[in-house]
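Asker: Relevant sequence annotations retrieved from Swiss-Prot are reproduced here:
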REGION    1-106  region 'Disordered'
REGION    127-152  region 'Disordered'
MOD_RES   LYS147  N6-acetyllysine
DOMAIN    183-278  domain 'RRM 1'
CROSSLNK  LYS240  SUMO2 cross-link
DOMAIN    285-362  domain 'RRM 2'
MOD_RES   SER286  phosphoserine
REGION    361-428  region 'Disordered'
COMPBIAS  408-428  compositional bias 'Basic residues'
Amino acid sequence: MALRGEGRKRKKGQERRQSSEDDVGNAATDYLVGQVADSLRGGARPPGGGTGRLAALFSTPETLAPPVFVPVPQETSKKRKPDDEEETVAHIKKPALQEPARKVKVKKLSDADKRLANRESALANADLEEIRQDQGQGRRRSQSRGKVTDGEALDVALSLNEDGRQRTKVPLNPEEERLKNERTVFVGNLPVTCNKKKLKSFFKEYGQVESVRFRSVMPAEGTLSKKLAAIKRKFHPDQKSINAYVVFKEERAAAKALQRNGAQIAEGFRIRVDLASETASRDKRSVFVGNLPYRVDESALEEHFLDCGSIVAVRIVRNPLTGVGRGFGYVLFENTDAVHLALKLNNSELMGRKLRVMRSVNKEKLKQQNSNPSVKKDGSKSKQRLNFTSKEGKSHSKNAFIGEKAVLMKKKKGQKKKGQTKKPRKQK
């Protein structure tokens, strides 16, 4: 045990020696700042000299704490609503520039002034009503003028105003109208599916077509005009056929186009082609047919008069709005001989109704006959009886007698009137 204790003491002594030697070696190896200067000066160090080791100059400093990343707040475009305190401060700072409006004193009107004001307002209202009525009548007139009937188809042309919107009627020159009618043909019994392109191609072999106008159109709706219905192809469901006027650029082309009369343009539609200028001779070659069934069509009427002769055209007068027949129509033949045969069909039945067949008479001639009663229906004038007498005869005409004025004579005192006799004096 004593040996073990001595050994431990020895080991501890050796460790102490080694640690002291290490301290000395480290002191010898480490250079202190100012050690050379101290050796030259004899060991005296100036005040304020450094005592740190040289290794401290090259040693790395202690690591600082890493910087903390702080995000930058984003700027918002929305305006910040001011707080209640800021609003109160702003109201306090703003000076009161506007003065409060002064109250206007309202004058009290007397009874006479009130009556006068009421009369003036009533007159103003009456003037406004008159202006509105005039405007309404003007619109109705313009609408009625804008409508084109079958009879006015060739008498009136549509032209654009300066603004290019509203269309108005412009009457044509009579000479220009006559020349235009000579190169215009009437085409009847066309199907409702026929358009301008088809009709132009149908007549293009005879000459160049200037214009095509569809007539006898029944709109599908009451608000649509005839022209707009023809453009949009919106016809009445009961309408099966329409008519058209084809204007050629040359008169010869219109005459050649008459060859298409009776041609079949579609299944069940045999068209009628005639010159629009030949209206004077139609009256002699046509008959008036009355008491027609309202639902009759042109083909049925044509078949009824087919045995009389070749038919040029058949027309049934219809209601322009509903398309229902009005109960009468016209049949145009090629010659007057067929008219005599057609008149024999008077009181014949068609679809359960007895027809009334008579000659077609021009309305203008009929008016002239009614105005001149001396003219008979056959056109011959009645002979006027003149009273001519001989010289010896006692009777005289009123125009032949010429009288003379009588001269008044003054009565003489002694003259007696004729036929008077003296009255006997009464004896006293």
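Glycine too: its Cβ is placed from the backbone N, Cα and C atoms.
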Asker: How many Å separate the Cα atoms of the residue listed as 'phosphoserine' and the residue listed as 'SUMO2 cross-link'?
Answerer: 24
Asker: Hey, does DSSP put LYS240 (SUMO2 cross-link) in a helix, a strand, or just coil?
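Answerer: In the DSSP reduction, LYS240 (SUMO2 cross-link) maps to coil.
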Asker: Cβ-Cβ under 8 Å from the residue listed as 'SUMO2 cross-link', same chain, 6 or more residues apart: which ones?
Answerer: PRO191, VAL192, ASP297
Asker: Inside 10 Å of the Cβ of SER286 (phosphoserine), count up the other Cβ atoms and send me the figure.
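Answerer: Around the Cβ of SER286 (phosphoserine), 23 other Cβ atoms lie within 10 Å.
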